[in-house]
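> Among the features that TrEMBL reports, transmembrane segment is placed at A:12-33, A:40-60, A:109-135, A:142-160, A:191-210, A:231-261, A:273-300, A:312-330.
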Amino acid sequence: MNLYHRPGAQWLAYLVFYVVLAAVPFVVSDNFLLNQLSTYGVFAMLALSISLCWGFGGILNLGQGIPFGLGAYGMAMTMQMQSQDASNPMPPFMLNNSLDRLPLFWVPFWNTGVGITLALVVPTLFCAIFGWLMFRARVSGPFFAIMTLAMLSAWGTLILDIQPYTNGVNGITPPAPLKLGEIVVDPYSPAAYWTVLALLVLATVVAKLMTLSRFGLVVQSVRNDAERVRFLGYNVAGYETAIYTISGFFAAVAGCCWVMLTQYVSPAQFDTTFSLSMVIWAGIGGRMSLMGAILGAFLIQGAQSYLGDAFLNTWLLILGGFFILVVRFLPKGLIGLVESALGRLSSSTGGKTDGNGVSSIRSRLLQQPGE
Amino acid sequence: MSFLEIRNLCKSFDTVSVINDFSIELVEQTLCCLVGPNGAGKTTTMDLVTGRQKPTSGQIIFCDDDITGLDEHEIARRGIGRKFQVPAVFRDLTVRQNLEVAYSRSTHPLKNLFRFRAPGFADKLDEVLSVTGLGGRLNIEAGILSHGETQWLEIGMVLMQNPRLLLLDEPVAGMTESEIDKTAEIFNNLKRTNSLVVVEHDMAFVRQIADVVTVMHMGSLLAQGPISEIEANERVREVYLGETGEA
């Protein structure tokens with residue numbers, strides 16, 4: 001059977017990929033480059049979250065900027081409050097907007113632990129409620145995509161509009177790096193890079209296990225034929241809400257990491273172009289494969305950083321054109337090329353098929369029975 | 001004791017009445033064939049029993065519980081399995097994965113998050129494979145099965161569910177004669193432990209399997225009884241058998 005489909009080979013590919021990434025700081029001494037690579041890791045986590053939701057669940061989500069942005073704002077507020085103290089409790093932009101005391105919803109962010117928890121819980125809760133309302137009413141396909149897009153614009157406008165509380169279009173720029181207890185996380189250090197990478201590895205492992213579990217199987221069935229799944233006794237809305245919410249949680253983690261690296265957040269995080277880019281990363285890399293989506297993010301963002309400067313505005317045209325080509329000719333994305341190459345390899349070496357009926361954790365996670 | 005009871009069921013779309021005061025009772029361990037000309041309301045009746053559509057009025061009682069208006073998944077969990085007229089399988093998944101999904105003993109999304117095997121699955125799989133004979137096709141994608149095999153797979157999926165009542169919509173459409181005989185054998189075995197309602201046009205097949213035949217016409221009950229009685233019934237011949245030239 002095709003090596004590409006063997007979970008054992010897949011785990012090995014992840015291992016090699018992440019070991020190589022973990023070794024990067026030993027080779028790269030340029031701290032700005034390292035910081036840039038770290039942000040690619042954040043984008044990879046976003047692409048991973050899109051792959052879960054769209055690739056495995058079949059739920060096209062054009063508003064992943066919502067949980068990302070909310071997580072980012074939560075983190076920015078937390079970091080901002082680390083620079084305030086009792087004698088000077090208000091961030092400067094609030095004084096400029098003539099507020100006379102710290103708004104109530106900013107108060108919990110005094111505490112770093114509470115702040116980061118809120119940065120993760122609020123977007124996750126939002127996804128759970130919004131998802132449940134939509135999926136319960138059986139909103140799906142393009143209609144759901146349009147709803148997410150509308151919701152994204154609504155959040156962007158809201159945050160832009162309440163300038164005294166969010167600094168509007170200027171966004172929040174925490175003056176100092178994140179402090180966790182006594183440790184200062186320098187965004188340009190290998191430590192920050194490894195932190196992001198560790199979270200990305202963790203997210204990948206959790207996501208991969210989920211896709212191999214019974215949950216993942218049901219979610220993929222929903223993508224195939226939601227109607228049929230209902231008649232097997234599964235509450236489809238529950239599964240859709242769960243995968244959408246988990247995907248949103250990953251995006252919120254990415255949002256927190258991103259602010260940790262850039263010390264900046266603005267309503268631009270709610271731009272439709274940004275949310276669409278996430279879909280493009282996953283689409284070009286291969287949305288049906290977690291690895292494909294991750295590689296897509298690295299590839300496209302890497303290319304954008306170097307080619308984007310050379311081509312300026314034409315870059316978007318090139319990217320759009322490339323996306324159309326991939327959708328038309330490679331529906332499984334670039335990783336689909338690997339799949340067909342390995343498929344040709346295994347058929348030429350005479351892969352054998354297995355036909356026994358024993359399933360075990362080991363066989364599910366490590367290898368197919370009979371191989 | 002009645003097992004499934006449909007009381008005065010009505011369903012209308014706008015002003016068009018599709019099911020019109022339809023009532024039947026089904027006892028346990030019987031196979032009931034639901035027949036009738038096109039548009040008689042057979043599939044709609046199945047939709048109403050399985051919750052895909054909500055009745056305009058009337059009641060559906062299953063094992064002494066009123067299941068009228070429940071959601072599809074709630075009805076399925078109570079033990080009603082369904083096979084569709086157009087075979088509905090998960091085309092991107094392998095045959096084995098299709099059967100795994102259908103083995104729906106635990107249905108809670110969060111409890112299934114990191115669950116990799118279902119207790120008792122292997123035994124049930126062997127049992128279903130011995131019935132449906134898909135053993136050699138376990139690891140291929142369901143999308144590339146032949147039409148007959150797809151029918152078998154969907155029957156297998158319904159069996160994996162272990163339902164007390166099976167509703168099967170034209171299960172032998174597109175099957176060869178020997179496959180039809182095999183299906184008849186399976187159904188005759190199944191009715192020792194389960195109850196079945198089969199919508200079918202093939203009268204030869206109906207004769208092979210039916211304990212009771214229910215004839216629907218224009219959304220109402222036309223006749224009910226053993227096959228010999230039904231075939232002798234003047235009105236049935238008029239509206240149904242006469243039209244198709246069968247009998």
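Backbone N, Cα and C define each Cβ position, glycine as well.
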> Same chain, outside the transmembrane segment (A:109-135) by at least 6, Cβ under 8 Å from its Cβ: which residues?
66-68, 70-75, 77-78, 80-82, 84, 144, 147, 151, 179-180, 236-237, 240-241, 244-245, 247-249, 251-253, 255-256
> Cβ under 8 Å, sequence separation of at least 6 from the ends of the transmembrane segment (A:191-210): give me the contacting residues as numbers and ranges.
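Same-chain contacts beyond the ends: 10-11, 14, 18, 21-22, 24-25, 34-35, 37-38, 41-42, 44-45, 48-49, 51-52, 185, 216, 246, 250, 253, 257, 260-261, 290, 294.
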> Do any residues, 6 or more residues outside the transmembrane segment (A:231-261), come within under 8 Å Cβ-to-Cβ of it, and if so which ones?
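Here the qualifying positions are 35, 38-39, 41-43, 45-46, 48-50, 52-53, 56-57, 59, 61, 64, 66-76, 79, 116, 119-120, 123-124, 126-128, 131-132, 135-136, 138, 140, 174, 177-178, 185, 187, 192, 195-196, 199, 203, 207, 210, 215, 218-219, 222, 269.
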> When you scan the chain for residues with a C-beta under 8 Å from the transmembrane segment (A:40-60), skipping those not six or more beyond its ends, what do you find?
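21, 68, 140-142, 144-145, 193, 196-197, 199-200, 203-204, 207, 210-211, 216, 219-220, 222-224, 239-240, 243-244, 246-248, 250-251, 253-254, 257-258, 261, 278-279, 281-282, 285-290, 292-294, 296-298, 301-302.
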> How about long-range neighbours of the transmembrane segment (A:312-330): same chain, 6 or more residues beyond its ends, C-beta under 8 Å?
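Hits for the transmembrane segment (A:312-330): 280, 283-284, 300, 304, 336-337.
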